[in-house]
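Enquirer: First, the structure itself, so that you have it in front of you.
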Amino acid sequence: MTGTTAPSSFAARFLRLSGDAGWRVALHVLPYALACGVITEGMLQVRLAVLWKLPLAALALASLYLAVLLGTHVSTLRLAGRTGRTLAPIRHLLAMTARISAESAVMALVGLLAALALVGALDIGIATVEPESGARWPATLLRAIATLAGLTVLVVMLAAATALAASALGGAVGFAAAGRELFRRSERTTAVICTAMVLGTAAAIAATRLLGLAELGPPIIAAALAKAAGYLALTVPLSVGAALIAAEA
């Protein structure tokens, strides 16, 4: 198989599994997406210091993490049914879920500490340089740090979901092994993450416009629902992609 046919073949399988399992994933993870949207909007509305918002951020990430894992399991079930593969016993799956979640929490904590360290370094730099009023580079650097932190979260979730899918198919794959597999298949990993980001952003923007036109209730409810739509659209490609990458490993 040449390098030009592999990506298109993966894309075809990705689209096929998305059509088969995507709506099932959406139905299963809808409560988690709604919870994540409500928590995120509440975190933005509450006037507290950033440090006091960290528990809410952790709760939102936990909801999204559970949604991705559940969606991956649904996708793996559909994939196994189509290929005739037998899934591992539920006891093995629960044990691997606990192990993978612990490893993922450690990696997420490392990423959070790195992001906080970068923000602290930016504050020190601003205090030292004392930029002129209206300078844009501090805000640009802060957005870059936030984007990097978001990408780190997506990679961690994709690695955890890939490990869970591979374990459900009969293996005992940890977070580190799944991370190496994602790195080895970097093109497919990038495609899955970019698809998730584009769909999540587009769904959130479209939902914001539609809910704004419909004028359904207070603006805070519309904002929470729009964020939930974005999280829902983000979860489906991550779940489907993790199941496919694990099946091909």
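These residue numbers are counts, starting from 1, taken along the chain as shown.
Quick reminder: no glycine exception, Cβ is built from N, Cα and C everywhere.
In TrEMBL, annotation is done automatically, which means it is predicted and not curated.
Here TrEMBL flags 21-44, 56-79, 100-124, 144-177, 189-208, 228-247 as transmembrane segment.
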Enquirer: Quick one: do the transmembrane segment (144-177) and the transmembrane segment (21-44) reach 3+ CB pairs under 8 Å, ignoring pairs fewer than 6 apart in sequence?
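Expert: These two stretches do not touch.
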Enquirer: How about the transmembrane segment (21-44) with the transmembrane segment (228-247) - do they touch, taking at least 3 C-beta pairs under 8 Å (6 or more apart in sequence) as contact?
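Expert: Yes, the transmembrane segment (21-44) and the transmembrane segment (228-247) are in contact.
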